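Right, one structure below, let's go through it.
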Amino acid sequence: QFFVFCHGLLQLSQLLVSGYLKSSISTIERRYGLSSQTSGLLASFNEVGNTLLIVFVSYFGSRVHRPRFIGCGAILISLAGFLMSLPHFITGPYEYDQSVASTFSNTTDLCQPRVPVSLGNLSDAGCAPHTARENHEVLLIMFLAQALLGIGGVPIQPFGISYIDDFASERNSPLYLGILYSVTVIGPGMAFMLGSAMLRFYVDIDKVTGDKVQLTNKDPRWVGAWWLGFLVAASLVALSAVPYFFFPREMPKEVGEMLQVALLTLHTNTSCFPLVLLRNLRHPVYLLVVLAQVNLSAMVAGLATFMAKFLERQFSLTASLANMIIGAVNIPGAMVGIVVGGAILKRFQMSLRQCSAMCVLGMFLCLLVAFPLLFLGCPTQKVAGVTYSESSEFGHHALECNLRCKCPEKAYNPICGSNAIEYISPCSAGCSVVNTDADSSVLNYTNCSCISENGLAGFAKPGTCGTSCSHLFLPFVVLSCLAGILASTSHTPSFMLILRSIQPEDKSFAVGIQFMLLRVLAWMPGPVLYGSAIDTTCILWGKKCDRKAACRYYDNNLFRQR
């Protein structure tokens, strides 16, 4: 029972490490200027290390000291977690464009017609050769950490389950495995909640004092303390790894009805390996169900990675709130669906045909509920020169209004004009005066030559105008949660279809192949495909040393539809 407790704890903290990355992905994109395709590849890269080794591990399962192997895997995972947060400590503080000169930047993005360009212009700031190299190092470290995370996770599930199944009584074994399974479902939800808690802190909380930070967490340039969660999760893993080095190689079996040792691991001879593989893949029910699961899993993998980012952009939420919604609403919804599906199965003792009918019904209802999500949202806010050109309304002068300002082309410090149009920076709106309060946070910008109201120069507030979609947020959350519940009711019946349609002696092998196919066809490519699709809807890319960085503005309608 102590082993089951430890294993539950370990699986939970392992999921915290891998799930936490998904919750902070939009923040890491912004901090290091990554495209969604790159961040999607990063998010699914742990599956690579995992898949390469999983076959060997399940094959050698019965011949090694399993608890010790699990302990070593856990230490690798904890190492991976600490590595993930390393980039924060080797790169300098996060820099963003400011209107008020501060301790680490004396440049400004106000309209300064009189100043010669050579002085403090932003466009070339921070483009020393080391910055570009720094970025390569960051990516290298993160990809390495993800690969380690995958490799470390290999022994945990198969060895833990077979160890429990070997030494638990037949009566208790299903209960223990059920406990572990429920932990694996709770884990991701807790990871998103951890993300929600950590992203409320400013990224450089350890490098700059609070009064120097001029951003609030509603500002589009805000970057939360993404690295903190990795430290927390990695420490938890390291802690739960300790007991594994003290478990024996074999335990006396719990007193049950029969004294037989049933190994979950593969005991097929290598000679008939291809035969069994062919026999299973030729089985139409098995093949179709696995392909259906692949499609569903690819969707889940992509959504888990980018759903928070979607909520942030579509409904102008903070990263912290978006994670909170996913961790507290969507993931528990999926849990409820899985439980309900299992309960219906048990209550009505369904045949195979009824199982498949239930899967089809669940997915069909899910599609019906999810269809309105295509329309729940609104277009990108009006951004001067990006999604909206003023020349059509004000004749010719609108384009020239900021020419005299000599704006740096890559400045990004969005402001919302009194005419409800957003400008990429105070300079592009032609603002020459900034008003601050006592602690040097910006109150508003005035004398803006591009924002004309009744012939007078207008003013602007710092921060983005945001989308006007807040009233659609609640219906979106309710519908997406419902769709998730309906889709996940088919989880258990689809497993039953697989387990009951193949020969008993192939069972563990078939499940192994199934997970293998899910990894290779769904969990790996899913986030990359979603990330690439999201990248195609970008209207304005940020620039970092002449290379494409994170996206500044998306076409929200396209983002939602794709």
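Using the three backbone atoms N, Cα and C, a Cβ is placed for every residue, glycine included.
Straight from TrEMBL, the features:
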| type | residues | note |
| --- | --- | --- |
| TRANSMEM | 40-61 | transmembrane segment |
| TRANSMEM | 67-86 | transmembrane segment |
| TRANSMEM | 138-159 | transmembrane segment |
| TRANSMEM | 179-203 | transmembrane segment |
| TRANSMEM | 224-246 | transmembrane segment |
| TRANSMEM | 285-308 | transmembrane segment |
| TRANSMEM | 320-345 | transmembrane segment |
| TRANSMEM | 357-377 | transmembrane segment |
| DOMAIN | 395-449 | domain 'Kazal-like' |
Non-local residues, at least 6 beyond the ends, that sit with Cβ under 8 Å of the transmembrane segment (67-86): 3, 7, 10, 14, 17, 21, 141-142, 144-146, 148-149, 151-156, 159-160, 163, 227-228, 230-231, 233-235, 237-238, 240-242, 244-245, 247-249
- prompt: What else in the chain is close to the transmembrane segment (285-308), if you only count residues 6 or more beyond its ends and a Cβ gap under 8 Å?
  reply: 22-23, 25-26, 36, 39-40, 43-44, 188, 192, 195, 319, 322-323, 326, 330, 352, 356, 359, 363, 487, 490, 494, 497-498, 501-502, 510, 513-514, 517-518, 521-523, 525-527, 529-531, 534
Message: Should anything in the same chain at least six residues away from the transmembrane segment (320-345) have a Cβ under 8 Å from its Cβ atoms, list it; otherwise answer none.
response: 23, 185-186, 188-193, 195-197, 199-200, 217, 224, 307-309, 311-312, 355, 358, 362, 477, 480-482, 484-493, 496
- line: For the domain 'Kazal-like' (395-449), the averaged pLDDT of the predicted model is 75
- line: Checked against DSSP, the composition of the domain 'Kazal-like' (395-449) is 7 helix, 19 strand, 29 coil
